[in-house]
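**Student:** For reference, the structure I am asking about is given below.
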């Protein structure tokens, strides 16, 4: 009888330990799932921020290129005007000498 009682207590202890271990495993799995979900959301946010920054970089490069092209065009126009004025001055000087 005592032997049966001891076996019963041992089984109860084993059952409780197994149940506790299962509960801990379930809690650990739930925590891991929550952490995974949180990390996935953070990853999505980082991707959005990254895309936004890449777009800003492209916009900046584009505006710098446009500014550079505008400056280059302005310099060409200025040089053309200077050459035109110098030709006119040269023509006027030549006419005055005649």
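The backbone N, Cα and C atoms fix where each Cβ goes, and this holds for glycine too.
TrEMBL: automatically predicted annotations, no manual curation.
Here's the feature list from TrEMBL:
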COMPBIAS  1-11  compositional bias 'Basic and acidic residues'
REGION    1-25  region 'Disordered'
REGION    60-98  region 'Disordered'
COMPBIAS  63-73  compositional bias 'Polar residues'
COMPBIAS  74-98  compositional bias 'Basic and acidic residues'
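Have a look at these and tell me how they're positioned relative to everything else.
**Tutor:** Residue counts of the region 'Disordered' (1-25) by helix, strand and coil are 24 helix, 0 strand, 1 coil (DSSP-based).
DSSP states for the compositional bias 'Basic and acidic residues' (74-98), grouped as helix (H, G, I), strand (E, B) and coil, give 24 helix, 0 strand, 1 coil.
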